[in-house]
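The domain 'Ig-like' annotation in TrEMBL covers 10-131, 145-267, 279-410, 420-543. If you look up TrEMBL, you'll see 1-23 marked as signal peptide.
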Amino acid sequence: MDKGTGLLRPVILFIALVVVGESRVVKVPVGPLVRVEGQAVSIRCNVSNYEGPRDQDFEWSMVLAGDKLLQLVSTFDNTFTDPTVKDRVNSGDIGFKRLADNSVELIFKKVRVTDSGLYRCSTPSTDSVYSGNYDADVELKVIGDSLNVSSAIPKSAVSEGESVELQCNTTRGFTEHTFLSVTWSIRKGNVTLEEILTFGPDDKVKLGSNYTQRYTDGGLRLDLRGGGFYGLVLKRAKPSDQGEYVCTAQEWVRQGEGGRNWRKILEKSEDMGKVVVTPTELMFKVNLTASLNPQSTSEPTELRCQVVDLLHLQDGRLGVTWTYSTNAPGDVPQKKITIASLNEQGALITGNEYQQRLDSGDIAVTRKESNVFVLRMLQTQDADMGSYSCMVTAWMPNQQGGWEKVKEVQSTLATVQWTPKIPVLQVVAHRVREASTAGSTFEMTCQVTGQHLRNPGYTVLIRFEETLGGKSRKVLSLSQDSVLQSEEWSEPSRIDSVVLEKTGQLEYRFRLYGAQDADTGFYYCDVKAWTRDQKQEWIKAVSAESNKIEIAFVHTGPVFNISIHSEANSVLPGDTVQMKCIISILNASPNTGK
């Protein structure tokens, strides 16, 4: 091959591609086209990549044996039609419809079985160069209307929970290239048909919007025995299944490239009859009573939630939910708080706000019998006053082996209420030892008396006033847990000179050693009573102050105060210990030097 020839070949190839790309293309649908006798049929023909005028002409013919043509219709030649079909063309039973400049349809108003055959669409050339295809063939198969549907409902009157079988039988005389689908529908009252389930045409299941979950749960079952028999079983029938049922059979063919699209060619429906479902509804009532009703704080409460008149539970189970609401005024919405629930398995599910009390055992939720549930509070508190209710839930087994909630019944309200008793606290101070002179010891006790207090704890604070009714100063305190705390006693050298201790169940003793002139004034007890809340934390209930005890004495001469102090609280044998002896003198005359 020489160099010149090698350069020429790509040019020749390019020209060939251009010519091929501009070749005329006549196109008809992919056959065979299966249609039903008596129906209207249209076959489309398009032409593209042509030269000449935009408005193209078409001719339709039927291809007979030996490739002979039976001329049918032409868009430009009125004499084109064969005399044997002229009557059908003139009556409009066979004709054409122009869809666009380059598109036309062959139309059969009522196609006949004898119209089955091969049809050719031709286009006269308007091209400068004869290139491409100028005709295309498509096969039309016309089948008889042989689809028949019959139906049966073996048992059309059932009780709730029973199964209903909907049987459809189909027969047809032609099955090649066609596919069947069967649809079950229901009509309730005067409303339109509601689709339940469709099987086919591709052996797939299509569900109505209200039946998807039921099919998933196993409540709908197909019975495909073959031989044209199609059955649909409604398991565990419900009152909502009552109505008129319809069975619809449809014949389909595939069309388009690769048969990707479905075309319905025939449909037949059969009224199956009415299904009556007699309700056997689960029935029960709920009674709530107070077997223990508290009359004051800390008394127990017991509420019994009893299920009565129970019918049709069968293999079902019962659960309960306890709720509490405050006694709000009539115009204020009540807030319901969940205390706890027992589910279908008998497992306890606690409410967030009652978690601690349930865990501690202060509140218990139990089942006494199969139909009796109990709520018990060991120590009812003022905050527990309000309205209580129980809601009983019935559960039935489902197809997957789990449980389905089928009914809930709410009880009436049970009120837990009493007149709260106001806590009372009294404190009386008594002088035990009087500090008559400087340096002597002062001692007093405080006797506490409390009423309407549940397991109280007391904090005692010793206060001091220089003058009666003057500003008070905190001296020493003892907590409800017996923790001693120095308050505003500001003399480090005398930190051990004040003592506060609990000497009886409700008695506290205060002692002041080495009373000095600065200690004269009035002393009293400031007492607070505490009780525990639902979280077992201390809350203040009430407080009271005692009467005031005075320290007052007359100076009679010098008074020596001696105290000893060591940095070490404990030593071992052989250790060196440093001790300080502190001497102070009160009421001594000034030293004049005489």
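Glycine is treated like the rest: Cβ placed from N, Cα and C.
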Best-contacting stretch, by C-beta pairs under 8 Å, relative to the domain 'Ig-like' (279-410) and drawn from 10-131, 145-267, 420-543: 420-543
Composition by DSSP (helix, strand, coil) of residues within the domain 'Ig-like' (10-131): 27 helix, 46 strand, 49 coil
Summary of DSSP states over the domain 'Ig-like' (420-543), given as helix, strand and coil counts: 9 helix, 70 strand, 45 coil
